[in-house]
Structures are given as structure tokens and as C-alpha cells.
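Quick look at what Swiss-Prot annotates:
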- Asp173: active site, proton acceptor (ACT_SITE)
- Glu34, His35, Thr36, Asp37, Tyr222: substrate binding site (BINDING)
- Ser123, Ser124, Gly125, Leu126, Ser127, Ser128, Ser129: ATP binding site (BINDING)
- Ser129, Glu161: Mg(2+) binding site (BINDING)
- Arg28: site 'Transition state stabilizer' (SITE)
Amino acid sequence: MKPQQLATQKFSEHYGYSAAQTVFAPGRVNIIGEHTDYNDGFVMPCAINYGMAVSFSKRDDSVWRVYAIDIDEQDEFDLSRPIEPSEHKWANYVRGVVKYIQEKCPEFKQGADLAMTSDVPMSSGLSSSAALEISIGKTAQVLGDLPLSLAEIALIGQQAENKFVGANCGNMDQLTSALGQKDQVIMIDCRSLDITPTPVPHGYSIAIINSNVKHDLVTGEYNSRRQECEFAARFFGVKALRDVTSERFIERAAELQAQNELAYKRAKHIISENQRVLEAVEALKANDMVKLGQLMAGSHDSMRDDFEITIPEIDYLVELAQVAIGKNGGARMTGGGFGGCIVCLVPDEKVEHLRRIIADNYEKQTGIKETFHLCTACDGVHLI
């Protein structure tokens with residue numbers, strides 16, 4: 001059963017009446033451009049056909065009752081009072097979004113009953129949290145008929161995750177969930193928020209392979225990477241590493257390395273990764289899948305060696321995928337790191353070969369069974 005059907009059904013069972021409306025917000029997979037978003041850089045994700053559905057109805061007071069179907073928990077809070085953190089981690093994503101919507105739209109106090117469910121695997125690097133934030137943001141916008149654009153909802157979602165949940169994420173996940181386009185990957189300039197859609201190449205599939213090693217970005221590694229990038233930006237005297245050219249980096253690399261080895265390595269990844277994203281857009285436009293595969297491999301190597309966010313299980317999955325796919329296509333880790341998934345652009349005729357090579361080898365080597373998803377690029381958040 002699809003999340004949107006399950007949300008509608010469980011809403012009726014839980015509240016004893018039918019939901020008025022349902023919102024669906026997709027997860028995302030990032031083809032290339034990792035950790036560049038919070039450095040004001042470039043990313044190239046697409047929204048995927050896995051996501052979060054929220055069924056909801058207005059109440060005649062200012063209370064939100066939120067039923068999390070997948071874990072059978074409920075949260076309740078009053079929009080006429082200051083919104084405080086909950087002991088339930090999932091509930092803070094909901095409360096945080098509503099809190100920052102109220103900062104922008106102080107008149108918003110419309111109560112509601114909500115039931116929500118997701119088929120995005122948790123802690124997989126496919127943005128289950130952004131799908132939750134954007135679905136809640138859109139729900140609030142509809143409930144209050146609020147004058148919020150999709151980009152504004154995305155930035156409110158990011159604000160909630162940064163300030164209320166405590167993960168210093170960039171804005172890519174939320175922007176993709178809000179603004180994704182069917183059959184397109186979208187290059188996002190994370191400073192200007194300009195979007196360049198590029199069609200998914202004909203004859204290719206997007207495969208996502210979950211290592212089933214879970215990650216949790218609220219822990220310190222992600223935030224320390226961000227601090228190291230900020231150190232490097234201060235060293236170069238710029239607002240963000242987006243503003244450092246490759247030439248300027250090379251000129252002062254030895255000096256930065258002497259001051260702070262980790263900041264040097266992190267900056268090397270970000271500056272080279274931004275360049276790879278720009279080249280990837282051109283490769284896709286030219287249908288040059290050999291070049292795109294090389295860029296994806298370069299991105300993975302940089303995440304492994306300079307940003308140091310991969311783990312042995314992920315590196316092994318990428319190696320297997322690269323062998324299976326060959327030169328026409330590519331594979332790399334996707335998401336924040338320390339587990340999660342790899343993404344592959346794979347010729348349609350090689351999908352089963354890829355699936356088989358990984359099934360035959362990954363569990364044997366690691367003791368963990370992978371999960372294989374074929375995805376399509378889909379539209380961003382919408383009312384169903």
C-alpha cells in the first residue's frame with residue numbers, strides 16, 4: 001500500500017472520521033555534490049518516488065494532534081502557546097517547522113488532526129527528515145492558506161532542523177523535496193536557489209542500494225565537518241568555500257595544511273566537488289555517460305580520502321557497482337555519510353546484472369543484507 005493510501009486509512013481508524021486532504025513530499029537522492037550545500041555551493045539531486053504522506057483535517061481549536069503511523073506514537077501541542085521541544089525526536093521535526101512558520105506568519109494558529117507515514121528508509125541518507133519537514137510545511141500552508149512559496153517552506157524546514165532538532169544540515173534536501181521535477185535531476189545553486197533541470201538520460205535507471213548501516217546526523221561528525229569548512233572559509237577570507245577558486249586554493253593550500261590539516265582536506269573536497277557538479281551538468285546535457293561516471297567516481301574518492309565520511313561497507317558497495325556498471329554510468333556514496341546508501345546511474349540492460357553482483361557478494365563480505373531500490377525522478381511536494 002502506498003503511503004498516501006495508508007495515511008488516509010489510518011487517519012480514519014485513529015481519529016474516527018475521514019481526513020479532508022493529503023499531502024505527499026518526496027525523499028531525494030543526490031547524484032553528485034556532497035556537503036557542498038552548506039558551503040553555498042552546487043548540488044545535483046532529484047526527488048524520488050519514496051516519501052512522506054500526511055493526511056489531515058482542520059479542528060475548531062488551535063491544537064495539533066499528530067499520529068506517527070509507522071511507530072504508533074502521538075504528539076500533541078497547542079499553536080496558541082510557545083512551542084517547546086518534545087521528548088520524541090520525530091515530533092521535534094513537526095514542532096520545529098510549525099514554530100518557524102509561526103515566526104513568518106504569526107497569525108497562524110489553525111488546529112488540525114494529522115496522520116503521517118513514510119516509505120523512505122530512516123537513517124539511509126535519502127532524506128526522510130526533509131520529506132517530513134516539507135510535508136508538514138505544506139500541510140500548514142494549506143491549513144492556513146498562508147502566503148508561503150515552496151522555496152520558503154524548504155528554508156523553514158532547514159531552519160527547523162538546524163535550530164530546533166540540532167543538525168546543521170544545508171538546504172539541498174528540503175529544496176529538492178519541495179521543488180523536484182518529474183524525470184529531471186535538478187542542479188541547485190544553494191546560494192541563489194536557482195535551479196537548472198536536466199533530464200535523466202534515456203535508457204538509464206537510478207538505482208539506490210542501502211548498505212543498511214544506519215547513520216544519525218544529529219551526532220557530532222556532520223557538525224564537525226561543517227566547522228572545519230567554516231575554518232577554511234575564514235582562512236581564505238570569504239563567506240563560504242563556494243567563493244574559493246581552484247587556483248586560489250592551490251596557491252595557499254600548503255599554508256592552510258600547515259595551520260589545520262583537517263580544514264585543508266575538507267576544503268579540497270568541497271572546492272573540487274563544486275567543479276564536478278558543474279561538469280556533471282554539461283556531461284548530462286551532452287549524454288556523455290562515460291564522463292559522468294568518472295565524475296561520480298572522483299566524488300566518491302574525494303569523500304573517502306579528503307572528507308572522510310565513507311565507511312568500508314559503502315566503499316565495497318561502490319566497488320561492486322562500478323565493476324557491474326562499467327564505463328557507461330557511475331556509482332558513489334550519497335547522503336551525509338557514515339553509512340546509508342550508494343546511488344548508481346546504470347544502463348537499463350545492466351540493472352539485473354548490478355543487482356546480482358551485489359546480492360552475490362555484499363552480504364558474504366560484510367554480514368549485512370543490502371536493500372536495492374529502483375527509483376524514478378518525481379515532482380516535489382503536492383496535494384493529492
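Cβ coordinates are placed from backbone N, Cα and C, and glycine is handled just like the others.
Distribution of Swiss-Prot features across the structure.
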{"residue": "Arg28", "record": "site 'Transition state stabilizer'", "DSSP (3 states)": "strand"}
{"residue": "Glu34", "record": "substrate binding site", "DSSP (3 states)": "coil"}
{"residue": "Ser127", "record": "ATP binding site", "DSSP (3 states)": "coil"}
{"residue": "Asp173", "record": "active site, proton acceptor", "DSSP (3 states)": "helix"}
{"residue": "Tyr222", "record": "substrate binding site", "DSSP (3 states)": "helix"}
Item checked: Those recorded positions, out of Arg28, Leu126, Ser128, Ser129, Glu161, Asp173, that come within 10 angstroms of Asp37 (substrate binding site) at the Cα -> Asp173
Item checked: substrate site, defined by Glu34, His35, Thr36, Asp37, Tyr222: further same-chain residues with Cβ within 8 Å of the Cβ centre -> Gly33, Tyr38, Asn39, Val43, Gly170, Met172, Arg225, Ile270, Gly336
Checklist line | Chain-internal residues, separated by at least six, CB under 8 A from Ser127 (ATP binding site) | finding: Gly27, Arg28, Val120, Asp173, Thr176, Ser177, Gly335
Next item on the list: Could you tell me which three-state DSSP class Glu161 (Mg(2+) binding site) falls into?
Entry: helix
Checklist line | Among Glu34, His35, Thr36, Glu161, which are recorded as binding-site residues, the nearest neighbour of Ser129 (ATP binding site) by Cα | finding: Glu161
Notebook entry, point to check: For Thr36 (substrate binding site) and Leu126 (ATP binding site), what Cα-Cα distance in Å is obtained after rounding to a whole number?
Noted result: 16
Check: Do any residues at least six apart in sequence from Ser128 (ATP binding site), in the same chain, have a Cβ closer than 8 Å to its Cβ, and if so which, in order?
Finding: Gly27, Met52, Ser118, Val120, Pro121, Met122
Next item on the list: With a 10 Å radius around each C-beta, find which of these binding-site residues (Asp37, Glu161) has the fewest other C-beta atoms nearby.
Entry: Asp37
Check: Between Leu126 (ATP binding site) and Glu34 (substrate binding site), what is the CA-CA distance rounded to a whole number of Å?
Finding: 13
Check: Non-local Cβ contacts of Tyr222 (substrate binding site) (under 8 Å, 6 or more apart, same chain)?
Finding: Ala167, Asn168, Cys169, Gly336, Gly337
Next item on the list: Taking the Cβ of Glu34 (substrate binding site) as the centre, count every other Cβ atom within 10 Å, in any protein chain shown.
Entry: 27
Item checked: Surrounding CB atoms that lie within 10 Å of the CB of Leu126 (ATP binding site), all protein chains -> 29
Margin query: If I take the alpha carbons of Glu161 (Mg(2+) binding site) and Glu34 (substrate binding site), what is the distance between them in whole Å?
Written below: 18
